[in-house]
Amino acid sequence: MSSWIALLSEFDIEIVNQKAIKGQALADQLATTPLPGSQPLNFEFPDEDLLYIEATPLWTLFFDGSCNIHGSGAGIVLRTPDGDLIPKSYRINFPCTNNIAEYEALIAGLGFVISWCLICLQSLESTQEHPQNTSDILSARFHRRPYLRFAQKVVERHRSINVGLLVINNGLCWYNHRVVNIAAIGMYPYWGDELQVKVNKLSSTKTQLPYDHYSLDYCKPKTIVNSAENLGEVLRGDRIENSPYVFHMREGKVCNYACKKMLDAKSAKDFKEKIDDEYRVNMILDNLPVAVPRQRVDGNLVASYEHGFRVGFKASYAGNPEEKYFIHNHLSFEVKFHEDIETDTARIVGFEVTPYSVKHEFEKPLVEENPRLTTCNPNTKHYVSATDPPQEVEEGKEIIFTYDVTFTKSNIKWASRWDTYLLMTDDQIHWFSIINSLMIVLFLSGMVAMIMMRTLYRDISKYNQLETQDEAQEETGWKLVHGDVFRPPTNSSLLCVYAGTGVQFFAMTLVTMVFAMLGFLSPSNRGGLMTAMVLLWVFMGLFAGYSSARLYKMFKGTEWKANTIKTAFTFPGIAFAIFFVLNALIWGEKSSGAVPFGTMFALVFLWFGISVPLVFVGSYFGYKKPAIEDPVKTNKIPRQIPEQAWYMQPVFSIFIGGILPFGAVFIELFFILTSIWLHQFYYIFGFLFIVFVILIVTCAEITIVLCYFQLCSEDYNWWWRAYLTSGSSALYLFLYATFYFFTKLEITKLVSGILYFGYMTIISYAFFVLTGTIGFYACFWFVRTIYASVKID
C-alpha cells in the first residue's frame, strides 16, 4: 500500500479511503508485514489499456420484516434490470421480534431468488453498514448464530450470488415503503391458516371477582400458556391463556369434539356457584373479544353485543318446580372476515358465539380421536339446536364439550371492526349532560363576570380614590383584611402536600385524556388505559414536588425535605394501604383479580424507585427558586374576625360549594361507573374531555365566588376553605356511588360490597385532591390579583 501511495503521489490524484485509518494502525500493519529490501517495485498497473468497462445489469432484492400484535410477516420486492417489480409476502407462523422477522425476510428473499435461478444479485436493505464481502455481510446482518449458519449454507451452495448491502437513498425510499406494506400483508391470515382462540377471565357483575378460566373444569390444552400481559391487564384481573379451540381460516366445520369431563363433587359445586353468580366466559380471537349478538329493543337492525357468554343457566322441567343447573357445553362460533381480493387475504372483523346446552349422546365406546356423536353429526345432518335436551350439572354426570365454527364474509372493514362493540345508543344523553353542565357554567360565569366587572371594579376604584385618613378608616369589605389575607394558614405544610398531589393528578388526567382522544388508549388495547395512568402518575411526581416546594417556601417553611417526604408518601401511602387490604380480601377468595406478588413488587418499585426520586428532584428545583412575593404586607398581629352569618359559616359554605361541580359531571359519572362495574367499554373520551374542561371551569368559578363573599365578610381564613369548597364535590361523588350501588348493582356478597366501597373510596379521595387543587389555585390567583390592584399605605 505504501508503495502505491509513493507512485501515485507523482500524479494529481487524491486518494480517499473508504474508511479513515489512523496513522498508528497503518504503522502497526507495516511493522508486522515488512517487505524484503531486495523486492523490486512493480510500476505496471493491471488492465491499464482498458478505457471502458460495461456494467452487468443487476437484479435488486428489497426485503423487510414486520411484527405487531396480529402476527409477523416478511415482505420481498425483486426488481429486474428493466425496472419491473416482483412482490412476494410471507407469513411467519411463530412469535418473533422485529429483528427475527428481518432475518426471516432476508432468508426468504435468498430462497426466492435462488428459485428464480438468478446469476447476479444485489441485496438492498435499510442499513448504514458497508461490509466488503459475503462473509462480512452475513456476520454483520445476522447476530443470531442459527440464522448466520443457515444463511452461509445457502450462499455456499449458490456461489454465484453476490450479496452486497447498500445504503438506501431518498430515491429508493419508495421501494422500502412498498416492502413494509407487503410485509404487513404477510401478517394477515391466508386460507387455511391456523387461528388460535384464547380464553380470558370469568367475570360477573354480581360479585366483581374475576376468576381464571380453568378454575372451572373446562377442556384444557395439553400445555397451558399464559400470554404476555401488561400492568393494566394484571390490575384488571385479566388472565389470557390458550385454549383447545382451534380454527382454520375460512374453513368452517361443525360438531367439533373438544373433550369429555366427568364431574366430581367439587367441579359440580364450582359450576353451580358460577351459574348462580351469573359468571360469563370471555374469549379472544385476533384481539377481538367474543360476543353474543342481541337484537336491540329500539327495533334497529344493527345488533348489539353482550360481552362473553354465560357459564350456564337455571331452569326447571315441566311439571317439576325444582330448579336445576344447566351448562353451556356447545358453542356455535361465527367468525366474520373482510376479504381483500387483490392479495387473496382476509382480516377478521367479528367474533360471535351462540351458546347451547345439549345432552350429547354417543356410540359407545367413545374414542377420543374419532368420537361418534348421535346428537351432533354432520353425516346424518343432525346438528345442535335450542330444542335439544339440555345438559344438567350434577355430580357423576358426563359432559361432552363440542363447538361449531362458520366463517362469514362481511362488508365491515378492519378499521371499523370495533364499532359494533362500541355501539353508542345513548349519545343524546351525553349531549344532554354537556348542555346541563354548560348551563351551570354559564350561570357561574355570569356571577363571576358581575363580581369582576361591576363589584370589584367599583371597589378598586373606590379604594384607590380615598384621600383622607378619615375616609380610609371608614373602609369596609375585602380591603380591610389586606394585612391578614396572606397570613400562612394552620397546617400549611399539609396544604402544600395536597396542592402538590393535586397538580400531579391534574397533569396525569390531562395527558391521559389527550392520549385517549388521539386513539392511543382505545379499548382494543386491553389494560392500556390503566397502564398509562399508573405510569403517568409516577412520572408526574416531578410536578408534585415542584409545586409543593414553591408553596412551602412562600409560607416561609424551612423543612423542605420533610415536606417533600410528605408529598411523596401521603396520598400514595393511604391509597396503597386501602388497596393492600382489598387485595388481601380478593386473594382470600382465590380470585384472579388478586394482584400477584411480582406485580405488587413492581408497583412498589415504581413508587419508591421512580416516583419518590422525581418528587425530590421537583422539590429541589422548586425550593431553589425565589419565593413568591405577596402583593401586600402581612401584619404582625392578626386581625379579629367578626361574627359570621349562618350562611357564611365554613361547614355550610363548603358543602354548598361542592354541589355545582358535582352537578356538572354526575351524568357522565353514571357512564363511567357503568363501564367500571358493569364491564362495559368506555371510549367516548371526546365527551369526557369536554366534561373535564367544564369541571375545571366550574370548580374555579364557584371557589372564586364564595371566596369573594368570604373576604367581603372580613374573614381572611380562605386558604383551606378554598381547597375544601371545590373538593367537597368528592363527598357527593361518594354519595352518588352509594346510590348507584343500591339501585343499579345486584351485589350480595359481603366481600364484593367491601371491594366496591373500598375502590370508590380511593376514587373519591383522588377526586377530592384533584378538584380541591383546581379551586385552590383559582382562588389563589384571584386573591393575588385583586390585592395587587389596590393602593395599600
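Even glycines carry a Cβ here, placed using N, Cα and C.
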*TrEMBL tags one of 105-126, 721-742 as transmembrane segment - which one?*
721-742
*State the non-local partners of the transmembrane segment (495-521) in its own chain: residues 6+ outside its ends, Cβ under 8 Å from one of its Cβ atoms.*
489, 528-529, 532-533, 536-537, 540-541, 543-549, 551-552, 555, 557, 563, 566-567, 570-571, 685-686, 688-689, 692, 719-720, 723, 766, 769-770, 772-774, 776-777
*Grab the same-chain neighbours of the transmembrane segment (567-588) for me: Cβ-Cβ under 8 Å, and only residues 6 or more beyond its ends, written as numbers and ranges.*
209, 494, 496-498, 500-501, 541, 544-545, 548, 594-595, 600, 603, 607, 611-612, 615-616, 619, 751, 754-755, 758-759, 761-762, 765-766, 769
*Tertiary contacts of the transmembrane segment (527-546) (same chain, 6+ residues out, Cβ under 8 Å)*: 229-236, 238, 500-501, 503-505, 507-508, 511-512, 515-516, 520-521, 564, 567-568, 603, 606-607, 610-612, 614-622
